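Worksheet: the structure to be examined is printed underneath.
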Amino acid sequence: MAPMDEDQPDVAAVVEATADDIATMEIRGAATIGDAAAEALATQAERSDAATPAAFRDQLRAAARELYETRPTAVSLPNALRYVLRGIEGETVEELRESTIASAEEFRTDLEQAQEQLGEVGANRLRDGDVVMTHCHSTDALSCVEAALDAGKEIEAIVKETRPRKQGHITAEQLREWGVPVTLVVDNAARRYLDDADHVLVGADSIAADGSVINKIGTSGLAVNARERGVPVMVAAQTIKLHPDTMTGHTVEIEMRDESEVLSETEYADITGGDRTDEGLTVENPAFDVTPPRHVDAIVTERGQFPPESIVTLMRELFGETTGEPWEV
Ligand SMILES: O=P(O)(O)OC[C@H]1O[C@H](OP(=O)(O)O)[C@H](O)[C@@H]1O
């Protein structure tokens, strides 16, 4: 356990480690982040030394808050926390512990199943011989390719590198493992290579109630170019990516990451002639952007595919009208 602080509920060291890993992107990708958060809450429950049910619940809430404060954009994180916390029931610490662990397990199983089901739906959009263009690395998007391959279709991929963190390399590695021919291109080459693509296939970190897709920076430009070239844009997103707060007018916060991901110390020094405090040079590093619904052809979920404008009906069905912070359940 972390060092004791009289006012702070005890959060397990492993929860803090998971939170760190999410913040530094050792653990990344919206679904993977949700999965890791659920696992961390189960571990918190397992290791809790709370003497009373109230203390146990306080610890769980504190753990959820710590995990929540890591990255702001992927709604899979608060949705996962909310799901697990809602499943906690019982009168004694032991009952609470068991129900937390069971709730986290249920969430993680559902997540895996949802991704498989989504893959089946997405694969129906892919024909034998199709070429997909990908951006970043999305396990939901790759699940569609995997299901298409399992159905005996041949698929090729044009993989965008995805600066600054080059998650395209992870996508390329996975696709090559499956035997998919990959053409890796720098982001700036995407428009040129759209002529060779039958689909743009991306994931999502959050989907807003109006059907906007919040995904890795560069997605919106890609979608605009794809629309101009007549290439359909398919977004693979489990329902855990639906952002409930957007039903009541909230916007999705776009994470700004450190400038060091864009520019190394040496590169910075080269530009400024060694002046580390040059106020005339600003580096911005937004991790995500918003693609409006008019540039998206289909959102593929485990509940079927939706035109982006109709996704709000699914959101109402799943979440009702309102939600609070995950620990306010
Ligand atoms: O849930 P899955 O489909 O795996 O990933 C969804 C999205 O998460 C990633 O964000 P980051 O690399 O964590 O910043 C990408 O934006 C990707 O499209």
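Along the chain as shown, the residues are counted starting at 1.
Every residue gets a Cβ built from N, Cα and C, even glycine.
Under DSSP, C136 (active site, proton acceptor) is assigned to coil, being neither helix nor strand in the three-state scheme. Among the features that TrEMBL reports, active site, proton acceptor is placed at C136.
DSSP assigns D205 (active site, proton donor) to coil in the three-state reduction, outside any helix or strand. Counting only residues at least six positions away in the same chain, the Cβ atoms of A30, T73, A74, V75, S76, I214, N215, K216, K241, F288 sit under 8 Å from the Cβ of D205 (active site, proton donor). For D205, the entry in TrEMBL reads active site, proton donor.
The substrate binding site annotation in TrEMBL covers R28, G29, A30, A31, R71, N215, K216, K241. Its Cβ taken as reference, N215 (substrate binding site) is surrounded by 31 other Cβ atoms within 10 Å in the chains shown.
The coiled coil annotation in TrEMBL covers 97-124.
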Residue pair C136 (active site, proton acceptor), R28 (substrate binding site) - Cα distance, angstrom, rounded: 11
Shell of the substrate site beyond R28, G29, A30, A31, R71, N215, K216, K241, same chain only (C-beta within 8 angstroms of their C-beta centre): T32, I33, T73, A74, S76, S138, G203, A204, D205
CB contacts for G29 (substrate binding site) [other CB atoms within 10 A, all chains]: 21
Three-class DSSP secondary structure - K216 (substrate binding site): strand
DSSP three-state assignment (helix, strand or coil) for G29 (substrate binding site): coil
Of A30, R71, K216, binding-site residues neighbouring ligand 1, Cβ under 6 A: A30, K216
